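Here's the structure, in structure tokens; my notes come after.
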Amino acid sequence: MPIILGVDPGSRITGYGVIQCQGRQQIYLGSGCIRTQSDDLPSRLKVIFDGISEIIRQYQPDEFAIERVFLAKNADSALKLGQARGAAIVAATNAQLPVAEYSATQIKNAVVGTGRAQKSQVQHMVQQILKLPAAPQADAADALGVALCHFHTYQSLIAMGGKASVRTYGRYR
């Protein structure tokens, strides 16, 4: 029964969501946001690394999934997002976790059924799928969406008779 940690990276707010897979069921274990206060980017990256490391220690996930970088109009923002992703990925690889990456379109398609879904639709569907009493905050909902996308990919591979391993883009191990 694998535990999946999903991460929605950001240089100011990084969302995380943890689910456990039991057969075809997904069980909510936890979610939240790592908020950085400093204007100093290296300090923010350390907060992200330390936060993800602590979540890994707390939940002991078997799999790590993260949203892939999108092309932003602002190059500086894209670079900062890439660095935030890097801090989270290093925390996962330090814990010997396999890393899988998914595009925003793949995540929305897995959760809502369309890659053009709005954030509010993702929040609503995450709440429904995981039977939560209220919609999670946006960044946490996105991270839970990443974990759900990974779960659906994992389930699809099993259904096709393949090994229960997901193609990763650079195994980061």
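Note: Cβ is positioned from N, Cα and C throughout, glycine not excepted.
DSSP assigns D8 (active site) to a strand. Taking the Cβ of D8 (active site) as reference, residues of its chain lying under 8 Å away and at least six apart in sequence are, in sequence order, T14, G15, Y16, G17, I66, E67, D139, A140, D142, A143, G145, V146. Under the heading active site, Swiss-Prot lists D8 (among others), citing sequence analysis as support.
The Mg(2+) 1 binding site annotation in Swiss-Prot covers D8, D139 and is backed by sequence analysis.
Residues annotated as active site in Swiss-Prot: E67 (among others).
Taken residue by residue with DSSP, E67 (active site) is part of a strand. The Mg(2+) 2 binding site annotation in Swiss-Prot covers E67.
When secondary structure is read from DSSP and collapsed to three states, D139 (Mg(2+) 1 binding site) falls in the helix class. Annotation source Swiss-Prot lists active site at D139 (among others).
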